Structure formats: C-alpha cells, structure tokens
Ligand code: GCW
C-alpha cells in the first residue's frame, strides 16, 4: 500500500489546526486574546512590525505599550520583534513630538494633524521617516501612544484597515464600581469584588494589571473603586494607602483612581460635630482630608457622591442644597485639580412629601441649581429618569442644565436585565440613548455630555463579567465613552471578531444575535414602555402585582397603573406632566399617543385595552404579541448558538448554551406571569392562538428568591 505522505501530513495539520482553533478558553484574556492569525493576515501584520522602535527614554506608559505590542505580536505571529533603537524599514515606530523632533518641525505634514488630537489622541500612518518606510503611531503624549498601540493591535486582530486618527470625544471615561469594602458587590453578578481590600496595599493581584490593560485598550481613563453607598472608613488612612496601591498599578495605563465619599464621613468618624457643608469645621476637615489623599495619590481624580438618596446622608439634612454640598467638596479638591461628580439619582426621602411621579424628582431638584455649581463639579445623571430599566426614554435633565457639565451614567451590570445569565448586548441601549440628540432640535444629549460613567460588571470570576457575552457590555461602554457616536453594530462586530476570531462563519452570526438580544429582553420583560415591574429588592423576575411596599414608588403597580380601564403611566399634562420637563419638540411629539414612539407608549400614556395600535391590533393583543415575540426570540438566540457549536471551543460554547437555555426559561416565566397578571386585571380573554400561561397567577405570586445575588 502506498501512503501519500504529504496528503496525510496535510490532513494531520488540518486536524491539529481545527483542534487548536477550538481549544478551550475560559475568557480571562477578554478581547486581548491575540490568537494566531491566518497566513495572509500574518504576512500583512509582520510587514508593519519588523521591529518596534521608541525614540527617547522609556516611561512606565511606553513600557506598557511596547510590552503589549510584543505580547500581541507574539500571539498573532508566533514571535515578537525585539525593541530596536534604530529606525529601519518595516519598523513600527512610536513617537511623540518630544521623542521625535521632526514631528514637531514646521515642515512636518503631521504637525497640524497632531495638534487636533489633544493629549490622548493618536494617529497611525504608513509613511517615511529618516528615509525608511515605517508604520508610525504618533501622539502628543505617552498615553496617546499606548492608546495608539492598542488600536493598532485591534486592527491587526480584526483585519480592519488602520484608522487614520482618533481622539476621545469625552474627557472623562469612567467605571464606577459598586464594590464594598468586604468584597461584596452591590448589583454585582461576577463574583466578589476584584479589589482585595484586606490584602492591599501589600498584595497587588496580577488582575489589577490585567484590568488596567483591558480598560486602557478601550480608552477608559478613570475608575471609582468603591460603592456609591459608601462607608466612612474608605477615607481613613489605611484605606487611602490601599487605594494608593491600586492607583500605582493603574497609573501607567492612564487610569486615575476616584473614591465614593459618604457625605457624613467626618461626623461619623467623630472628627467633627456636624456634617453641615457650610460649617467651617466641616470645610476644614474635608480640606485636610483632600490634602492627605493627594499626598498618597498625587493624581487622585476626586469624589463621586450619592447624597440624599435612598437613605444616604446629604446636604439637605442641614437644609442646604445639592450645590452647597458639592461645592464644599469641590473646594477641598480644587487646589489639587480634583473634581466632584455629584449624582442626580435622587428621590423623595422617606416620610417626605412624595412627588406624584418619581420620574420628575431629579429634574425638580437639580434644574433650579443650574449655574450654582463650582467649575470642578459635574452632575452625574442616569441615562433615564427612573432606574436603569431595560428601556427608558432619556433623562430630561440632559439638555436642561446648559451651565452645568453633565455626565451620563449607564449601568453595565444588568441589574434589571437578567443579571449575567441572560444575553442582552447593551451597545444598542447605549446607542439609542446617545443618539437621542439627533431627534431633537434642542440637541439634548450629546451636546451636554462631558463624560460617561458605567457601573461596572467586573468581578473576580475567571471571565471577569460573569458570562462571556457580558464582556461585550464592558467593551461597548468603553468604546462608546471614547466615541459616543460609534455604532453598536460596528462595536459588536469588533468585539465578536476579537473574542471568537475573525471567521466569517462565526463573528457575523454572533453579531446578529447580540443585536437582537436586548430587544428580546425588553419584549419578554417590559414591552411598549412598561417599566419597574420586577421583583422587589433583588429585581429578578416578574412581580407586576406588588402593591404593598412602604413607599408607593417602590411598587410595580405604581408604574404600570393597570386596571379594568387600561394600562400605562400618564405623564402628559392630564397626568403627572413629566413631559413638560423635556424640550418642547419632544414634549409635543410625546404628548399624543399617535406620535409617541411605540417603545415608549406606556411610559407616557395610560390607554384603554382596546386602544388601536398601528399594527391593527388592540393594545391588549399587541402586549401579548410582544411577550410572545420576546419568548420566540429567546428561543431563536438559543437555536442560533447551538448552530455555532462546531465552530466554538467547547468550554465557552457550553457556558453560553446553559445560559441561553436558562434565558428561555426566564422568558417563559416573564411572559406567563405577566400575561396571567395583566389578564386578571383587564378581565379580557386571550385571543385565539395565544397560549395560556402554564400556571395560575397565584403560582407566580408564590415564587420568591431570597438568595438572589447582587445585594450590597
Ligand atoms: O438601581 C438602584 C439600585 C441600588 C443602587 C441605586 C443607585 C447603589 O437598585 O442598588 O445603589 O440604584 O444608583 O444609587
């Protein structure tokens, strides 16, 4: 028998390659996996990086950039070039005007372009330098070079064309950790806090460096280490030393450390007799405290504050305003160039007169203060007026405080969207909110944004985010904080290629799944503008029937207002008139249910069950259709994933398959419980073809989840 050795060898190699491509991954590497490229891509990348050249002395930041390039090239090509000191053909050259004076020379064609890129931007160019053909990554600062290096690696990994140049559109791009000092995480679904406060400052986990790399690769430049429901201890000397140790690790990556401050800290530490922001004793205390922090962390970013909200102390306890409180802290950090991010997430304190619509309160408290805040205060506003719902119209404060810099706060952790079990790609949620301005002449959102904050979904789970697909939400947040006009689909495509490889049979179908995933969740949880009908406290699962909580505005019935006559919250002039807080064009459009986008219908209107929808169905029938659609799409997500099984490593495949199966069950639960409940209220029959819920309403009411995760 003759053996065709070359054919056998080829077959063997093919099998090996297929096995290698499908090798199990645990997700720790995030989107920085740097797996081997195919031959053509390798040749292309190699030709751009025969050597890595950095003129001038290395800094911790350029060291990080060069190390990342070497790591990436070693992974993608099998071997990394050593750093070289001489510019030669094929060099990957990292240069700032200070490092390569010819970039600063009047004759340099890049001089003008560099001048537009600010401190953090970068450009990439195939060009000639000192007589050699090079790939140039140029920036005005070392941090720009680091961002440029990550962008170049991203392009190399996805086969994208080099971006000519890029600079962040927002200056503050921050993660907010809701991490407690005992390592629990409020609304955290990815294990314990990554900050091991007990072991710090002596023990600095390698994870902190990998966290810095991942965030720098997206351009995130700040992180608030602790929960906005803060404790006084975080501002004591031992914790300042711990925060300083984290800051030391993050600094080379351009990431500043911030802390959430509890307003009554000096009083609770028994170092003052009051926390009144106008008391000289209190002001002096905060000034000393700021000085102490800056001694340990010279580039400390500043404070994030949740005040007079959900039981947190604040200036109103002393009959002072939010501006009085924020400005007092701002004065303490101003000499050090620090900032204060003061949150607008407030609603009436217990016992106080309740506004007739919780959605109105932040605007009512903050709008009159426009112009009263110090220059280094930003007001941080959640994307919507209620609370990180699967869908909310944008917060009316955007566009309403022209004299105050506003930061938009998104929640990357999916407190209300199925935790880290259900797939819900938030890129589409971010995009929908951020592009709101194109829909109004008042230019509501983008024009007022100066920063973006994302409540982190990061924990100590091996895969960081609780699930592989939740990594995409961290990724999308970072990319959109850099460029709020970026498109959710483009970002998903980038992430999918980096995370699962550029194979055209894999990444595009994954992107399609991601793009429908959040709408799927909206449909099976809160279609047509419904909101806040989740289980009490943990916010898992349906509980539209809850009506007995201590505050009316904690009850789902307060929000959906369903009764025999109809469903929805009337926020028009006939109702709470929350609409008057929006720009006139929007208020007019949304005042009429016929011109209100269907997705916000029941957010703004209370309508009869037989209201005629554009589909020709009654509102009742439309609601049922949406619940069915949500369930059908959840099933489709699962089926699409199963079809990808041969192309995805077994470990990540199985992890997600299990989650998608559970998501189908969650969708059934939501659909059936909501239909059972709304039917009990409307008294209407289910139209033919609509399947009755599997159980009677009382069954759903009896379910409880005392150990659901995520409580602080
Ligand atoms: O969404 C709610 C959460 C609280 C959170 C609060 C806030 C940190 O349920 O857990 O507290 O918002 O944003 O302050």
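Residue 1 is the first one shown; counting continues down the chain.
Any Cβ shown, glycine's included, is placed from N, Cα and C.
Taken verbatim from TrEMBL:
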- 1-22: signal peptide (SIGNAL)
- 30-152: domain 'Alpha glucuronidase N-terminal' (DOMAIN)
- 161-464: domain 'Glycosyl hydrolase family 67 catalytic' (DOMAIN)
- 310: active site, proton donor (ACT_SITE)
- 387: active site, proton acceptor (ACT_SITE)
- 415: active site, proton acceptor (ACT_SITE)
- 466-689: domain 'Glycosyl hydrolase family 67 C-terminal' (DOMAIN)
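Annotation: 415 carries the greatest number of neighbouring Cβ atoms among the active-site residues 310, 387, 415 [cut-off 10 Å, Cβ to Cβ].
Here the domain 'Glycosyl hydrolase family 67 catalytic' (161-464) returns a mean pLDDT of 94 for the predicted model. Assigned with DSSP, the residues of the domain 'Alpha glucuronidase N-terminal' (30-152) fall into helix, strand and coil as follows: 47 helix, 26 strand, 50 coil.
If you take the Cα of residue 387 (active site, proton acceptor) and the Cα of residue 415 (active site, proton acceptor), they are about 10 angstrom apart, rounded to a whole number.
Rounded to the nearest whole angstrom, the C-alpha distance between residue 415 (active site, proton acceptor) and the residue listed as 'active site, proton donor' is 17.
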